[in-house]
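J.: If you scroll down you'll find the structure; I have some questions about it.
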């Protein structure tokens, strides 16, 4: 469904990723793991059009999207949710959801918002509250709900449980699984809790210094005899 081919990317003249080949399967969760500075977030940003692609290609459903701007990729069904600043803090929950529906036909808006709230029912109690007053976990739910309103079918999450309590982090992990299982989304996950990310993922890519050091099933990486060393970037 989503592929990168010999992707070399970074920011202006700075090169972060080198010859990254990735093949993200439809209706799956793929974890992108690796030590700090390995290029995990840059890979997501490259797919969404927020990083500089020096060479290589990005494909969605067989069509090349390498040169398309982010707003066009959004219309094609790709959603990228960064760790912070992923909602409009000064607007209410309801307003955030309505803004997410700006490209939706008027007669569909209510149904889209209702469907998103069905996936994240906790938000119904906060519709008139400013997003900035929500807890970190509630804001993350709102961000994912806005992606559903936009009818995203590829959801890229950049450290969605960062700074959340263990209890709320588990709620977010559970919702990620339900987005795959119930709504058939394709999810690309960068997560600081590597162990938990791999436990809920189908497949995994390990990046070390901007290069793919491992790709396979998440279980294969979890059970690798050098798992801890690999995740620290120690590759023999």
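Placed from the backbone N, Cα and C atoms, the Cβ positions cover glycine too.
Residues or ranges marked as domain 'ABC transporter' in Swiss-Prot (evidence: sequence analysis): 2-234. Residues annotated as ATP binding site in Swiss-Prot, with sequence analysis given as evidence: 34, 35, 36, 37, 38, 39, 40, 41.
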J.: Given the model, what does the mean pLDDT over the domain 'ABC transporter' (2-234) come out as?
T.: 95
J.: Within the same chain, and leaving aside 34, 35, 36, 37, 38, 39, 40, 41, name every residue whose CB is within 8 angstroms of the centroid of the CB atoms belonging to the recorded ATP site, in sequence order.
T.: 42, 207
J.: Relative to the Cβ position of residue 36 (ATP binding site), how many further Cβ atoms are located within 10 Å?
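T.: By my count, 7.
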J.: In sequence order, what residues of the same chain, 6+ apart, have a Cβ less than 8 Å from the Cβ of residue 39 (ATP binding site)?
T.: 16, 17, 20, 207, 209, 210
J.: List every residue in the same chain as residue 41 (ATP binding site), at least 6 positions away in sequence, whose Cβ is under 8 Å from its Cβ.
T.: 82, 158, 190
